[in-house]
Amino acid sequence: MNKSFLPQFTSDQAVTFLKEWNFSLGVILLFITIILQFGYTSRSMFVYLIKMIILWLMWPLTITLTIFNCFYALNNAFLAFSIVFTIISIVIWILYFVNSIRLFIRTGSWWSFNPETNNLMCIDMKGKMFVRPVIEDYHTLTATVIRGHLYIQGVKLGTGYTLSDLPVYVTVAKVQVLCTYKRAFLDKLDVNSGFAVFVKSKVGNYRLPSSKPSGMDTALLRA
């Protein structure tokens with residue numbers, strides 16, 4: 001490959017570049033760090049969505065850089081490593097889409113393409129299905145109602161609900177299985193507040209039950 005087409009930088013030019021762009025790079029890295037550190041669904045859904053976009057862009061950016069390194073490798077050793085890294089990045093990116101599509105088939109929610117987790121908590125509240133990502137594989141889930149505001153695992157889902165509106169079952173959908181949680185405890189603190197604890201009771205390869213009466217017969221279809 002003709003090296004004359006490649007830009008050549010001296011150490012002085014590199015230092016000058018860092019001096020000119022140091023502030024901008026620092027601000028960008030600080031912004032990304034804050035988003036990644038504090039982007040949780042229990043804090044701010046808007047910040048969490050920005051975090052998901054940043055994480056989602058990481059893989060295509062990585063693939064682009066590894067392909068670039070293949071074309072402009074310094075020597076054969078760097079070329080070999082670049083090819084391996086490119087293959088690994090593309091394979092992982094494809095697996096991400098395969099798993100996300102499988103989870104989307106199971107839940108029908110766009111949260112299935114969340115790059116952070118493959119666990120989606122699903123709860124049917126008065127005929128409305130709420131789907132939210134959860135990071136860990138919990139053995140118990142806690143639903144809290146505070147003056148009509150509904151929270152599941154600290155994530156606010158909506159308002160205008162009471163403890164009597166809580167379902168008997170809550171599910172967590174994964175790529176391979178659907179975990180069912182059964183309500184095991186309910187405590188009413190006052191008229192509009194209380195909490196319930198759901199315990200994992202069953203795991204199977206099912207689709208998410210439909211919230212529509214006409215779709216209840218498809219609740220146990222294989223995904």
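Keep in mind that glycine also has a Cβ here, set from the backbone N, Cα and C atoms.
What Swiss-Prot records for 1-20 (among others) is topological domain 'Virion surface'. Per-residue confidence over the topological domain 'Virion surface' (1-20) averages out at a pLDDT of 59.
Summarising the annotation, Swiss-Prot assigns transmembrane segment to 21-41 (among others). Counting residues 6+ beyond its ends, the transmembrane segment (21-41) has Cβ neighbours under 8 Å at 47-48, 50-52, 54, 132-133, 155 in the same chain.
Taken from Swiss-Prot, the feature topological domain 'Intravirion' applies to 42-51 (among others). Long-range contacts of the topological domain 'Intravirion' (42-51) within the same chain, counting only residues at least 6 positions beyond its ends with a Cβ under 8 Å from a Cβ of the stretch, are 35-36, 116, 153-156.
Tertiary proximity for the transmembrane segment (52-72) is limited to same-chain residues at least six positions away from its ends with a CB under 8 Å from its CB atoms, namely 1, 6, 32, 35-36, 39, 78-79, 82-83, 85-86, 89-90, 92-93, 96, 113-116. As annotated by Swiss-Prot, transmembrane segment applies to 52-72 (among others).
Residues of the same chain that lie 6+ residues outside the topological domain 'Virion surface' (73-80) never bring a C-beta to less than 8 angstroms of a C-beta in it. Look at Swiss-Prot and you will find 73-80 (among others) tagged as topological domain 'Virion surface'.
Look at Swiss-Prot and you will find 81-101 (among others) tagged as transmembrane segment.
The topological domain 'Intravirion' annotation in Swiss-Prot covers 102-223 (among others).
Beyond its flanks by at least six residues, the transmembrane segment (81-101) meets 59-60, 62-63, 66-67, 69-70, 73, 112-115, 118, 175 of its own chain at Cβ-Cβ distances under 8 Å.
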